[in-house]
Amino acid sequence: MYRSHTCGELRPAHAGQEVTLAGWVHRRRDHGDLIFIDLRDRYGITQVVFNSAHPTAHEVAETVRSEYVLQVRGKVRIRPPEAVNPDLATGEIELEASEAQVLNPARTPPIYIAKEGGEDESVRLKYRYLDLRRERMQRNLILRHRVVKFIRDFLDAEGFLEIETPILIKSTPEGARDYLVPSRLHPGKFYALPQSPQQLKQLLMVAGYDKYFQIARCFRDEDQRADRQPEFTQLDMEMSFVDQDDVLDLIERMFTALCRTVVPHKHLPTPFRRLSYAEAMERYGSDKPDLRYGLELVNLSDLLIETPFQVFRNVLNSGGQVKGIRAPGCAHFSRKQIDELTDVVRAGGAKGLAWAVLPTDGGEVRSSFAKNLAPGEFAAIVERMQAEAGDLLLIVADQPAVVAASLDKLRRNLAERLQLADPNTLCFAWIVDFPLVEWNEDEQRWDAVHHPFTAPKDEDMHLLATDPGKVRAKAYDLILNGYEAGGGSIRIHRRDVQQQIFSLLGISEELAQAQFGHMLEAFEYGAPPHGGIAPGIDRLVMILADEPTIREVMAFPKTQQAVDLMTNAPSPVDERQLKELHIRIVMPE
């Protein structure tokens with residue numbers, strides 16, 4: 001037996017007992033006759049005292065260094081009051097070692113384990129097995145385990161079945177590029193790794209498994225924007241005989257119970273707010289707004305239709321908008337800070353930023369545009385924005401999509417500068433009534449906003465043939481603190497409607513049959529009404545753990561370039577393997 005207890009287990013009640021511990025040397029302090037070693041495992045740290053009265057064990061302690069794997073036997077004793085360490089769960093006791101054995105020595109690690117170092121993330125990823133020894137990473141992975149376990153237990157109690165779906169599936173166009181797997185047995189043919197189990201879970205509904213879930217691994221060969229991974233984990237769910245409210249109510253109950261269990265110290269406003277897509281875009285410029293703070297967008301367009309200021313007027317005459325944000329108490333912002341905010345909106349596509357400072361002393365307004373307005377227009381803007389002395393008004397004039405994107409960026413930037421987002425608040429909300437399709441200007445066709453299996457709202461069905469852009473979907477997104485936490489919809493369950501949507505999306509009958517024939521045929525054998533959702537596990541745990549990226553809550557993530565620095569994947573393969581697969585590599589010139 002290597003150990004009788006873990007390094008986080010011993011308490012004053014164990015005093016006088018002979019125990020055996022095994023773990024890693026966290027810290028070592030040599031005081032000559034006395035050597036103190038903090039022995040660590042994932043359960044905690046225990047201070048071990050090596051006294052020269054036990055010379056064999058003391059000699060072992062003289063040789064060990066950080067991260068040696070050590071087994072120690074000895075007697076538990078109470079620490080003197082002045083030596084109690086309140087930062088350790090085991091801080092009231094220590095182990096007086098009588099025997100010790102080095103189970104494995106260790107080279108000097110390239111990263112500090114005992115404390116957070118300033119090393120580059122690439123070093124952490126290359127030596128991830130060392131990085132994972134750190135308290136922060138252990139805490140994150142334990143939290144992840146608790147989240148997944150809670151979900152499994154909750155859904156089991158709700159009558160759901162956890163059913164695994166295949167990893168090797170048919171390649172179908174669902175948005176991002178598929179990861180392809182060549183078939184040795186069928187030369188020239190390929191499997192795909194699933195971007196999601198979307199079609200398979202719908203087929204499970206046809207099969208009669210009315211409550212399905214899976215902790216699903218998903219794969220997308222897309223350009224790695226910001227904080228994405230080529231492989232990720234989602235809670236995949238589907239239910240039969242449900243409408244939108246049924247799905248939303250279940251998920252809200254589950255996430256409320258989850259958060260109150262695993263992060264009880266966080267504030268969780270309930271019930272979750274519900275915003276239509278149109279309302280979210282109008283008020284926040286985003287379909288995933290952070291609702292922990294205000295800074296809402298204010299539409300000024302109707303006040304400026306006749307304005308002599310040509311910048312605003314030209315935008316409005318071309319179908320654009322003029323919108324602004326009131327930054328309360330920010331009249332003290334310097335010109336340099338305002339220039340930085342201008343760069344923020346330019347990153348969102350805006351050509352510039354109009355601004356006005358309302359001084360606190362009742363003095364003259366400073367503004368980049370007020371002098372160009374007609375009498376009364378600036379006063380109308382101040383009134384509409386409910387501005388007060390000491391406020392900073394920030395305005396963008398452009399096409400609606402640019403106004404939304406630029407003011408969304410500005411809103412988030414201001415919130416960060418002003419520290420408006422409480423890190424201990426979890427602000428969930430539902431975004432509903434998404435458009436079913438959006439026009440792709442480059443390819444001159446309609447694209448599905450979510451995916452082609454999303455059902456249109458019944459009351460909008462008559463618009464499919466005449467005005468598809470106005471058709472709303474039975475789709476919903478769960479948002480959390482400015483992130484999309486999960487997306488779902490009520491699905492199409494009739495072949496004729498599914499074919500109508502395929503046709504609208506420019507998918508011919510021949511292509512639909514080739515790509516989705518199995519789905520269309522299944523719908524002819526009594527497919528029930530059904531719907532589901534797929535919250536992302538990585539993103540959820542990231543937010544609950546207060547981490548900046550999903551890489552911090554994944555055991556072995558890849559870089560933004562989709563490279564595994566630890567194993568050097570992807571890597572070349574043996575020519576013999578390629579030959580067996582009937583594949584020849586043609587490198588780009």
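Cβ from N, Cα, C; glycine included.
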Given Swiss-Prot lists R220, D221, E222, Q229, G536, I537, D538, R539 for ATP, the same-site residue among E164, E282, E484, E589: E484
From 106-109, 198-201, 242-245, the residue range that Swiss-Prot assigns the feature region 'Aspartate': 198-201
Residue among recorded positions H31, R220, R491 with Cα closest to the Cα of R539 (ATP binding site): R220
Tertiary contacts of the region 'Aspartate' (198-201) (same chain, 6+ residues out, Cβ under 8 Å): 165-166, 169, 172, 174, 212, 214, 236-238, 451, 453, 516, 518-519, 532
R220 (L-aspartate binding site) versus I537 (ATP binding site) - Cα distance in angstrom: 16
Recorded positions compared (H31, R220, H450, R491, R539) - the one with the fewest other Cβ atoms within 10 Å: H31
Nearest of the recorded positions (H31, E222, E484) to R491 (L-aspartate binding site), judged by Cα-Cα distance: E484
Of the recorded positions listed as H31, R220, H450, the one whose CA lies nearest the CA of E484 (ATP binding site): H450
Maximal Cα-Cα distance (Å) across residues annotated as binding ATP, namely R220, D221, E222, Q229, E484, G536, I537, D538, R539: 20
